[in-house]
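**Q** Following this message is one structure expressed as structure tokens.
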Amino acid sequence: MARTTSQLYDAVPIQSSVVLCSCPSPSMVRSQTEPGSSPGIPSGVSRQGSTMDGTTAEARPSTNPLQQHPAQLPPQPRKKRPEDFKFGKILGEGSFSTVVLARELATSREYAIKILEKRHIIKENKVPYVTRERDVMSRLDHPFFVKLYFTFQDDEKLYFGLSYAKNGELLKYIRKIGSFDETCTRFYTAEIVSALEYLHGKGIIHRDLKPENILLNEDMHIQITDFGTAKVLSPESKQARANSFVGTAQYVSPELLTEKSACKSSDLWALGCIIYQLVAGLPPFRAGNEYLIFQKIIKLEYHFPEKFFPKARDLVEKLLVLDATKRLGCEEMEGYGPLKAHPFFETITWENLHQQTPPKLTAYLPAMSEDDEDCYGNYDNLLSQFGFMQVSSSSSSHSLSTVETSLPQRSGSNIEQYIHDLDTNSFELDLQFSEDEKRLLLEKQAGGNPWHQFVENNLILKMGPVDKRKGLFARRRQLLLTEGPHLYYVDPVNKVLKGEIPWSQELRPEAKNFKTFFVHTPNRTYYLMDPSGNAHKWCRKIQEVWRQQYQSNPDAAVQ
């Protein structure tokens, strides 16, 4: 018979050093349970357990007379309550929890408080995951892992006060800037290696290491999170593997697929995938569905794009090895010493990584052909430049000042001839048409332009082929700038709309050279290359439309 919520919680000695997944954007928790896992949260305590009020108790019986008379114990600090905090925005939501930013009223300190519904934990059979994360987090004390500061409860919920990783997921920055330069890749890889060395030294396998589970604190150092699927290897047991299927498809190790087991070396495989993604912008194993991804993993089917850093490539090749006992860093390969001595880390000082200043995040955009040039972009500089994009009478002179400001003029007055002369694959319209002329243009576009089907009946103002880059990979796309405004991009071979660059007041074009131009948005920078060498024309036209939208229409700027 199922226990009531109060009975469940009475059986759970919640410790002040215990935490569930603290990721601001928790990944989906799996439904599999470990063989031998208790169906409920055990009522016993760990090696240094806690009573319900958070006091520490020894697991062994005590003959101390003071402990036999609870009334003689010194008073304990008052447990925190929900009313001690001002709760703010939601940082993330998981399958059975919500993480909320909260400020403690007495100290003004900020925490990421994870809130769990007791009843839902029982109903959805999530007790094993609560137990697992409790056991793992109670063993960790390292700057590269999330920290639990306190726990408390009310009648319906459990609350866990966690360190607030202010800068969010590492994945967010990979998506924003595409690929990291070598200095950034080296530093963050070193921090992950240092964290794994500590974790594996504690006999713990993470089993779901990926950029989503690596957070960045206020100082841009990593904090690894999400231990719901971790495994603690018993020191009394010779078993060095965990026998259950957990993880995320792109980072799953081959032994998990073929033997249904994971080991410490499985985390090293995930490390190899992460290094590859930091440099290339995408994980090494990609396909249309999980089955195809798994097939590529067990066949070791991946390739390095051109301009991949040679030393980083060598390191990845020594980590993405099908035989788990042959991966650099595993116990069979003499542990972490040889891994940390790899030439990729030759400039790293390992002793005090958490006290070092992380390098500024810088995008790496190597030239795609011999007549191009490498481009680098500083993420911090980009964010500071967004401040100059505000539309007001006092700041309009700063808006998009990096590109030309004059509007192109249409030559001649014969609109029919103008329409007739338009190329069906690449052209640019000016913005000086009357409403009747725009109507004629739209009619012509609807009747004869093969790209009209993708633009939601908006008039195309400029279009042409570009190479759209994501990390070190580039794909040919048809870029369509329309009224609205919109920036659509289409697969020209399969004739499929692939996406849209989001317009906002903060959007900013930037020409890097004749071919390469960026479109900066708050959440991502789009890297584009015009094969005709007219990047400046794209920037000029995007600027025109931006100005018409936000300077000619002040109401749009405040929406």
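Each residue, glycine too, has its Cβ placed from N, Cα and C.
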**Q** Can you find which of K79, K80, K114 Swiss-Prot lists as binding ATP at the same site as S95, F96, S97, S163, Y164, A165, E169, E212, D226?
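**A** Looking through K79, K80, K114, the residue Swiss-Prot assigns to the ATP site is K114.
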**Q** Looking at the ranges 116-160, 431-475, 476-520, which is given as region 'PIF-pocket' in Swiss-Prot?
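**A** Of 116-160, 431-475, 476-520, Swiss-Prot gives region 'PIF-pocket' for 116-160.
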**Q** Hey, which of K172, K307, K311 does Swiss-Prot call N6-acetyllysine?
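**A** K307, according to Swiss-Prot.
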**Q** Can you check which of S6, S108, S179, S244 Swiss-Prot annotates as phosphoserine?
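**A** Going through S6, S108, S179, S244 one by one, Swiss-Prot flags S244 as phosphoserine.
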**Q** Just to confirm what the record says: which one of S393, S426, S532 has phosphoserine annotated in Swiss-Prot?
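**A** The phosphoserine feature in Swiss-Prot corresponds to S532.
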**Q** For S532 (phosphoserine), just give me the three-state DSSP call.
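**A** Note: S532 (phosphoserine) is coil by DSSP, not helix or strand.
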**Q** Note down the number of other Cβ atoms within 10 Å of the Cβ of S97 (ATP binding site), including every protein chain shown.
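**A** Excluding its own Cβ, the number within 10 Å is 26.
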**Q** Say we define neighbours as other CB atoms within 10 Å of the CB. Which of the recorded positions S95, S163, T357, T516, S532 has the fewest?
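**A** T357, out of the recorded positions S95, S163, T357, T516, S532, has the fewest neighbouring Cβ atoms within 10 Å.
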**Q** Rank the recorded positions A165, D208, E212, K307 by how many other Cβ atoms lie within 10 Å of each Cβ and give me the one with the fewest.
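**A** Output over recorded positions A165, D208, E212, K307: least Cβ neighbours within 10 Å is K307.
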**Q** Could you round the CA separation between S95 (ATP binding site) and D208 (active site, proton acceptor) to a whole angstrom and send it over?
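**A** Taking the Cα atoms only, S95 (ATP binding site) lies 16 Å from D208 (active site, proton acceptor).
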**Q** If we check Cα distances from K307 (N6-acetyllysine), which of the recorded positions S97, S163, A165, D208 wins as closest?
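**A** Smallest Cα separation from K307 (N6-acetyllysine) among S97, S163, A165, D208: D208.
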**Q** Can you see whether DSSP assigns E212 (ATP binding site) to helix, strand or coil?
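**A** Reduced to three states, the DSSP call for E212 (ATP binding site) is helix.
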**Q** From the Cα of S532 (phosphoserine) across to the Cα of S97 (ATP binding site), what is the distance in angstrom?
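**A** Spelling it out, the Cα of S97 (ATP binding site) and the Cα of S532 (phosphoserine) are 51 Å apart.
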